[in-house]
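Annotated features, as they stand in Swiss-Prot:
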| type | residues | note |
| --- | --- | --- |
| REGION | 1-104 | region 'Disordered' |
| COMPBIAS | 13-32 | compositional bias 'Basic and acidic residues' |
| COMPBIAS | 33-46 | compositional bias 'Acidic residues' |
| COMPBIAS | 54-63 | compositional bias 'Acidic residues' |
| COMPBIAS | 69-78 | compositional bias 'Polar residues' |
| REGION | 125-180 | region 'Disordered' |
| COMPBIAS | 134-151 | compositional bias 'Basic and acidic residues' |
| COMPBIAS | 152-170 | compositional bias 'Polar residues' |
| DOMAIN | 252-331 | domain 'BCNT-C' |
| COMPBIAS | 316-331 | compositional bias 'Basic and acidic residues' |
| REGION | 316-341 | region 'Disordered' |
Amino acid sequence: MGKQKATRVNGILKKEEQTIDDDSLKKEKQAIDDEDYDEDEDEDYDPEAKVEEEKEASDEESDHEPQPDYSSIENATFQDRLVKTRSQRHQEKYGSNAGINHIRPGLIKSDDISKNIDVDAIFNDLQRKSKSGTPDDWKASIEEEQAKTESIKYNNANSKQTTNISSADTPQEDNSLDPQKVKIESSYTFAGKVITESKLVDAGSAEAKAYFNSTKGITASNLKASAATRSFVPIIRTIPGSTEPTELRIKLKRPSLIDKFLSTYGDKKQKLSTLEKSRLDWASFVDQKKLKDDLSTHNKGGYLDKQEFLGRLQDKRDEHYQKAKEEERKRQWQSQQQQSL
């Protein structure tokens, strides 16, 4: 009997050891399978079920969170809901008679300012300085400027007359040319070819006028390029309130690279457009057929003549407007000076 019990106990112990070994092997296999497991390859895997479980867990956590109490906001009146400004909060805290300086005192006290500064003396000083520039001095300065401009105009007119007399007395260097003839030399590209022309035409002919009008911009650019460049321009002016003229040096603008390029570009050969070439051809045809007088008589009531007349009229209106504006400005200045007295 004792042997049978011993064998039974040994058999039970062996079975328990085998079950323990089997459990350990199963756990190791499960760990290996978990490492090699891919959720995407599993046909029974449902991602939506996992998301629903996470939502349920978050809902359970949110149920345990404390809810805010909005009863005070719902029961508040309209005035309590309004946002109060800084001054209103300050009045509630310190009273209606308290100022902002109670919170933010300045670096300088008001008592020291009232003791050290004499407001009456400053006012009298400013009033005395404003009365120093009288309208009589202003009128005198304006009259001096007008006298200077008139004297400059008179000297320029005399110099022009003397130059005209001297040019009339001197003999002409080139006697071969008629004084009423003008030599036109033009070199231009037309239709892909370089064409050079030189002819003698009357100074008052339509072709000469058309040529001078077409080359006006080119000659003006050449003259500007040939002029000497200066860094400043001296201007002498009299300041109101003082009799001595003062020299003002106005600084000129430095020429840019584009201006230099344009000045060199003007030295190239003249290029006429189709419109300018047709204008020159028409002017030469008018001179050959002697149609200038007939065209001038028939075009008096034409569209171009009317446009020129309206343009001259508008220029005169602009001049009168500028003069009236300057006179009104002077009158207002004089009235302000008289009122200050």
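Every residue gets a Cβ built from N, Cα and C, even glycine.
Taken together, the residues of the domain 'BCNT-C' (252-331) have an average pLDDT of 79. When the compositional bias 'Basic and acidic residues' (316-331) is classified with DSSP, helix, strand and coil residues number 16 helix, 0 strand, 0 coil.
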